[in-house]
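Here's what Swiss-Prot has on this protein:
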DOMAIN    2-184  domain 'tr-type G'
BINDING   D14, H15, G16, K17, S18, T19, N131, K132, I133, D134  GTP binding site
Amino acid sequence: MKHIRNFSIIAHIDHGKSTLSDRLIQTCGGLSDREMQAQVLDSMDLERERGITIKAQSVTLNYQAQDGNTYQLNFIDTPGHVDFSYEVSRSLAACEGALLVVDAGQGVEAQTLANCYTAMEMDLEVVPVLNKIDLPAAEPERVAEEIEDIVGIDAVDAVRCSAKTGLGVDLVLEEIVARIPAPEGDPDAPLQALIIDSWFDSYLGVVSLVRIKNGSLKKNDKIKVMSTGQVWGVDRIGIFTPKQVDTMGLGCGEVGWVVCGIKDIHGAPVGDTLTQAKNGAEKALAGFKKVKPQVYAGLFPISSDDYESFRDALDKLSLNDASLFFEPESSTALGFGFRCGFLGMLHMEIIQERLEREYDLDLITTAPTVVYEIELTDGTTIHIDSPAQMPVITSIKEMREPIAECHILLPQEYMGNVITLCIEKRGVQTNMVYHGKQVALTYEIPMAEVVLDFFDRLKSTSRGYASLDYGFKRFETSDMVRLDIMINGERVDALAIITHKENAQYRGRQVVEKMRELIPRQMFDIAIQAAIGNQIIARSTVKALRKDVTAKCYGGDVSRKKKLLNKQKEGKKRMKSLGRVDVPQEAFLAILHVGKD
């Protein structure tokens, strides 16, 4: 056991985590040169296309250290994006240490800080690594000072390496062996294994990634899942070298995968503990704190026949992604679907794209909303996550919206633009600290504003230099209203949005204009209105197409033309009272982008 090292790699987006993992695998000979490819751990097509890590991946390597011993390194490559921070905290729970990778050109950024604090809270040993020192813009001395100044860990003798060229990677490995503690645990105690991650394989059933905290696990053991009490036999067990390799068992302190032939998707939830069926452990390990979704949106299959396969797809995805929440919902405009909860807009995009790709579904999304707290006049408090659940205005005593605490790190020269942006988003500044050339701003901004497009706007006003980390702080009383969109006098429930009263007029006008461009012209006029309660605040009309009925009259009396025109008018009136307007798919998507430009 004293030759095992478990660690994660944490860093901000694009600071070179995945490339460093590649080098570690290559140096330790985990894969032959032929099988090696860039970002070998980003196994999803989506990850490779966007160049980001979404799922944490684990690898077991054997490293021949300079002191002559062979060490077993179990490491987990983690995502850097704020939407996937729960992946990071789960990975850290399985480790004793973390490599904090910092780009020697960019310096410390918000996610670096957030992930590093998470690691310190869990009492992990944090080892700083300065990456990308082969770049002409690299300033390792300045960045080392920055790490000490902002993060507060000793970084003067931090390892300098370049993951791309492979320079200094052996030093990183030596640092890991020297500084990260060996796992603690009792090999002879009853088994306690923490499930870090699970995914569904159509041949094997549920595959779980586990970290053995106490005891050991062998093939053909009978094990019990502690939360459900079900007993299973271990069919296959092994490690990733990044390839799945079968072994006979896992010892204390090791990380590996287990297949027990569990077919029920909820059979082995993430954060659960496995133990032996006979004389097992008394109590379960402390799991992970449940993450609450921040953004909710309705997802509906375009053809209603896909509803069942959509439910299956969500089930399988939620096994792999513990933070996805969903419940059935129905809409008069869109039929049956699910109300899903996500951690942020990127998470929502990724999930939607994974559903469409991996499960071949065509989906419509409704406008995303955050969770609001409403105090009713009878004194009860309710939480709503969709405009449809909002009670009538007369029964609402006060409405509270979620406020997010945002930590923004940016170079001084962009401070003006960023502050303007925060004020526009109804933000309140609570703190500001200078660290060398960097400024750390703390703002309290309504979650609804942060979640929609704050991240994109922040990146564009600061030319990509500002970085953001945010978390839910509290609910605060606010003047929110529900904006309904009416087409020909009928409310379309899927187009309703909850917005702040100050922005309601503007949002309403914009949505109405947008809809006018997107709804195809019919044989009759279509009125598109935006309303708050019974008060109409914006309106626009899609003009009717008309046939030239008087074309066949040549000369002749004006009353003949009048008769034909009146007859046409009557017909249009009748069509208008009976005609239904189909709202095209693009119109629902347009709602998402209102207020961006």
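A Cβ is built for glycine as well, from the same backbone N, Cα and C atoms used for every other residue.
The model shown is predicted, which means the values in this text are computed figures rather than measured ones.
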Legend entry - Residue among the binding-site residues S18, N131 whose Cβ has the most other Cβ atoms within 10 Å: N131
Inset, instruction - With H, G and I counted as helix, E and B as strand and the rest as coil, say where DSSP puts D14 (GTP binding site). - result: coil
Inset, instruction - Could you please provide the mean pLDDT value for the domain 'tr-type G' (2-184)? - result: 76
Inset, instruction - In three-state terms from DSSP, label I133 (GTP binding site) for me. - result: coil
